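A short write-up of the structure that comes next.
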Amino acid sequence: MTMNAVDISSRMPIKKGSMVALVTPMKPDGAVDEAQLRSLLQWHVACQTDGIVVLGTTGEASTLSFDERARVLDITAEEVKGKIPIVVGTGTIDPRTVVKLTQQARDHGADASLVVTPYYVKPTQKGLISHFGFVAEAVDLPCLLYNVPGRTGSDIKPETAAEVASKHAGVIGMKEATGDLARVAAIRSLAGRDFLLYSGDDETGAEFVLQGGDGVISVTSNIVPEQMHMLMMAALDKDKTRAEAINTPLQLLHQRLFLQANPIPVKWALYRMGRMGQAIRPPLTVLEEEFHAPLEEALRAAGAISD
């Protein structure tokens, strides 16, 4: 069966826990490095990562062509389909383009989409309701909303998220990346317990889950996937002592993976670990040398490197 003929009945439910916001490895000439992508995916299966999120900000989706996206999706499905849920970033400004990208994700094996707010244009809350509703009704694929106002200039208010979910059964949850822990209770009270809530902020992710969230969509999980899985399991069990013990060595890494714009530091960190090359597509550039030592310090503290 070709991947554009995927049986949608084989979709996996989205899990609670640690979902990695996966990087897209690239060769020095900028081409997608398919072998390294496969290697990373296999590593995440072995490390019990709870979900794979491809073609998001960390995956440099905005620089990939439609055909390149399809190839990344096919490789991801070949490596992890039926083992780990696959979530695909499909958000952009124009809702018609979001529909096209979401249809592509569905047809190439996705279990859900992750749809960011339209960026730069700053829609109203009414505009956000219309945008997400249009996409949810056009494509039969479960959808996670994505709120990251620090990058987009647009903030999904808790009331808006709840209204979208109440009107569209396909909207099953949300990635909330404001770092505002008060949002957990606010969204939960309005949208209900079945609405999945994932933190998009590694530094506050454990506390987010301890306060009622369902997991994290994580940059840090690119580097220490096994630890992030264990951290989320402890937080879901409401074992604060165990969560703190796991998280303390990771705190510096959570912070220093943002020494420059994501995914610049995380790609260099994986290069430093020997897991892939450091190539990144313009307009982003490789991590500047002044940040190498601080990031290496964080990698050592987290146990990701020993030399």
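Glycine residues also receive a Cβ, built from the backbone N, Cα and C atoms like all the rest.
Taken straight from TrEMBL:
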- Y146: active site, proton donor/acceptor (ACT_SITE)
- K175: active site, schiff-base intermediate with substrate (ACT_SITE)
- T58, I217: pyruvate binding site (BINDING)
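Annotated features, which come from TrEMBL, shown on the structure.
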residue : record                             : Cβ contacts under 8 Å, 6 or more apart
T58     : pyruvate binding site              : A21, L22, V23, V219, N222, N262, P263, V266
Y146    : active site, proton donor/acceptor : G89, G91, L114, V115, V116, T117, M174, K175, A177, G200
I217    : pyruvate binding site              : M19, V20, A21, G51, V53, G56, V87, L114, K175, Y198, S199, G200
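Its Cβ placed at the centre, K175 (active site, schiff-base intermediate with substrate) has 27 other Cβ atoms within 10 Å. When secondary structure is read from DSSP and collapsed to three states, T58 (pyruvate binding site) falls in the coil class.
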